[in-house]
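Some notes on the structure that comes next.
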């Protein structure tokens, strides 16, 4: 080798190493915002049924033009992708993407550059979820203290351009447990709800390293990928509503935009902008791997239960065929398509299904040599009939909680159980699945004592992986019915779905008097995953008319179990008790037997008005297995029994259920809880080993559901022969807490809305109704009652809240305890009416025999004791500390809305320091997201007297008045008035998110600029967390992005109603610590919070990091050295190349370790 050859190799190695250092992929997109007309039903018919829309009254409401109806075509603004900066050639997208913007893809380490041009007639922006951005690339308008160049991204005027730069940093990477590509979105964020309803939203996929092709950007790990947005597109919120009225209504001057029916006609229940099966069908082949990227957007009623007929999939390590989506919920599900045919994709929420939220997908036999696994397990036979029955929702005749008769005048149950001139009462004709012993259907199978609790539910169907189920169905009722199962595999011969797919499906319509045998298989591909419980809970139901059939009563539980889990008699090994609970509002107005029930039970049936609101309400039965107000039998167990609870949801968008187990906790995928959320067609399995004997409630914590009867009793007996020694408790932590009445201001500063300048359809600011005091609106100040901590039992001196607790605001003190501790609450009631203090998740002494803790009268002092057993602390998969809540239970609804609520944090042993604060994190924050309904407060009359100066008895309580009293608050503050969410850069924070409330309290909590981890069995990455009544969660957020950032609920109405604030991450430039859970003392709160622009100090953006002066200097030195090395390398390579060309007589190629030496 020539003498200089090693030097050349060294320089080339240096060059390639430096290239790798700075060689991140920049993925550049040219995006234009264009206005166009969008048709929600381009095929002009219901593709699922094949019928014309004129044959469907409800479809006509949405799709037919008229004097005051827009029809199916609307003007929208959409994102479109172009080839280059001339924006002259559009890059086509797959038809199934609908009006969504193009799919943007990147993997960890890449940089996304968006060149946006606004071709529309009004300003818009582009804001991403799931990636890093600086203030000049956030694309969101809100009061964040920035100006100048950091405001230019907030809105792009018509005809203008803007470039957004989003590095995909490691902190936003999918976790090992996440799918290879996480689903995110981008959307315009000037007025996000209106911008999105106008059409400006698209998918953004962030993948693990090595998943994307470096040049094409396509995935190399799956065969197919599809993106679907499920949302109720509210065209009433569109910026183009007036144009659409003028252009499409045949008599636009007759339109009343406030009319409820007109508004409903503009709410499009769509998949990517398509209704009633007009969604272009995604195609795939049997055996292919498919990634479904699903997300929701919208409002309080955007609760979606997405059901993929015919196949199952994995979602966050869990096997299922249904996932739930909410506004700004993003999911990646992974499917192996194994079942050929045309299958439906639907939202199983009744109202949404009826309004057209359904499409189809095709699984083709692309190869002739497809292998189908042979079922080697048992053949399990069931003989099930549909039988008409007279059902009693409360056979014991009284409210088991209050002891009152169900028809007691003025009681909560009176509306549902009083029979009369315009009321049916508590008995209805229904239809139920009943099990028989054989195919003759002459002898019913006797229910055992363990099955007494099933009520209206059909028999439990169970199978293990490898089994075949043969279900013979006899229709002994008087209507056409069927059986359709979740969670198993069936071919088209046993398909009971009602869609037209080219197959004759006799099992889809079994007439009265007929029988049909369904064959369902349980191959390995539908098995519970390693992280799933031994048996997955599903349901089966009649699908001839799935809304009417299930409202009539046809639903039952189905279990799919791992191999070897079931005993010979069908019970689960290692389980002592199994209970199956269906939580649903049975809407008897939708039953097939509604007219018959009117004729049978109403005293004057011909005078009834079926549209009367109170009559309609009286027929909505808030039941558990068809029982109300504690009338369900059979929920009995022994202390230390191993109990498996199988919980099922069904119904419509108000069927949002937060199921709470009083007195004991449940185990969910490695976590400890006492509650879980249920939605239509969702089912889950939870385990309990009760350690607390007594009589307890299992109930829905969604506030109206609780008062309307959706609660039952379960009893835990000591069974002394099975009672182990009691757990001993060590440290006693004592707190002096009082309930006291205060004047509370939800919005002392009203500048937030003025800065955002959001207006509604009438040109008024959205916040006016909540913040302004008029002759009919109370304004932002209310009398309330709150928990406050005192220094000692004299209750004279309130314990001052340190700066780290400033953010608690309305909430009571943050109580910390470790497993094995006892919490002693010395409680004084300084208010004017009785209250109490009770905590979820703990072992409350003196409870369990009277359903609620003792009340404390005004002026009294009472002691409450809470033990923290192991099951009240974090589970194996939980973070070190988990949240619960404490509140008053004298009247849970009114007490809570009046203000009595606080956080209880339970931790593993050794986590708390000597001051009772966490030693393992830098900051902790507790946030309660709740629409405080002041109409339900104990103090409403007081507030009317004081702030309106009117007599409450004479005051007319209009709809506007009641709306003005619904405060969409975070810790009791609205429109940016919650302060104290401050932390330093590069610190670990834990946030305790608390959900309480009613059907409107669906909250999707979005953190701008940061992502976080939440744990189920493993850790998962998100920047939005879904919160529901009765549910609580710890999220772990590493704060590494300095600035003031938006924190808000992503539900459209909640944004406009002020459920927003900001949090601030301070730079470490001065080593300032505003306050920290781990600091030795409590530092003073900083006088001012610095903005994202530091006056007089230049900043350098370097590989996704803002550098101060010292860092910038070091970076410049490094760049200079790299540049010098590259220059030297280039010169040497050039000289060597010239030398090589001149040496024509050189015969032999010398080699070193690099193939590039041939140059």
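Backbone N, Cα and C atoms are what each Cβ position is placed from, and that goes for glycine too.
Taken from Swiss-Prot, the feature signal peptide covers 1-24. The domain 'Plastocyanin-like 1' annotation in Swiss-Prot covers 25-207. Annotation source Swiss-Prot lists topological domain 'Extracellular' at 25-1114. Taken from Swiss-Prot, the feature Cu cation 1 binding site covers 127, 1006, and the record attributes it to similarity to another entry. According to Swiss-Prot, the Cu cation 2 binding site annotation covers 129, 187, 1050, on the basis of similarity to another entry. Among the features that Swiss-Prot reports, Cu cation 3 binding site is placed at 189, 1008, 1048. Taken from Swiss-Prot, the feature domain 'Plastocyanin-like 2' applies to 218-366. Per Swiss-Prot, the feature Cu cation 4 binding site maps to 304, 347, 352. As annotated by Swiss-Prot, Cu cation 5 binding site applies to 657, 700, 705, 710. Taken from Swiss-Prot, the feature domain 'Plastocyanin-like 6' covers 915-1092. The feature Cu cation 6 binding site is assigned by Swiss-Prot to 1003, 1049, 1054, 1059. Taken from Swiss-Prot, the feature transmembrane segment applies to 1115-1135.
Considering only the binding-site residues 129, 347, 657, residue 1049 (Cu cation 6 binding site) has 129 as its nearest partner by CA-CA distance.
Per DSSP, the domain 'Plastocyanin-like 2' (218-366) is made up of 25 helix, 67 strand, 57 coil. Each of 230, 269, 302, 303, 305, 306, 325, 346, 348, 349, 353, 357, 653 belongs to the same chain as 304, 347, 352, is absent from that list, and has a C-beta within 8 angstroms of the C-beta centroid marking the Cu cation 4 site. Listed in sequence order, 126, 127, 195, 196, 200, 201, 202, 297 are the same-chain residues at least 6 apart in sequence whose CB falls under 8 Å from the CB of residue 187 (Cu cation 2 binding site).
Each residue contributes its Cα atom, and for residue 700 (Cu cation 5 binding site) and residue 129 (Cu cation 2 binding site) these two points are 33 Å apart.
Highest local Cβ density among the binding-site residues 657, 1008 belongs to 657, counted as other Cβ atoms within 10 Å over all protein chains shown. Nearest Cα neighbour of residue 352 (Cu cation 4 binding site) among the listed binding-site residues (1003, 1008, 1048, 1059): 1003.
The binding-site residues examined here are 127, 129, 1006; by Cβ neighbour count within 10 Å, the least packed of them is 1006. Figure note: comparing Cβ neighbours within 10 Å for the binding-site residues 189, 304, 705, 1050, the maximum is reached by 304. Once Cβ contacts within 10 Å are tallied over all protein chains shown, the binding-site residues 347, 710, 1059 are led by 347. It is 1003 that, of the binding-site residues 1003, 1054, has its Cβ surrounded by the most other Cβ atoms within 10 Å. Note: the CA-CA distance between residue 1008 (Cu cation 3 binding site) and residue 129 (Cu cation 2 binding site) rounds to 8 Å. Of all the binding-site residues given, namely 189, 304, 705, 710, 1006, none has its Cα within 10 Å of the Cα of residue 1059 (Cu cation 6 binding site). Same-chain neighbours of the Cu cation 2 site beyond 129, 187, 1050, judged by a C-beta within 8 angstroms of the site's C-beta center, are, in sequence order, 127, 185, 186, 189, 192, 196, 201, 297, 328, 1006, 1024. Cβ neighbour count for residue 700 (Cu cation 5 binding site): 27 (other Cβ atoms within 10 Å of its Cβ, all protein chains included).
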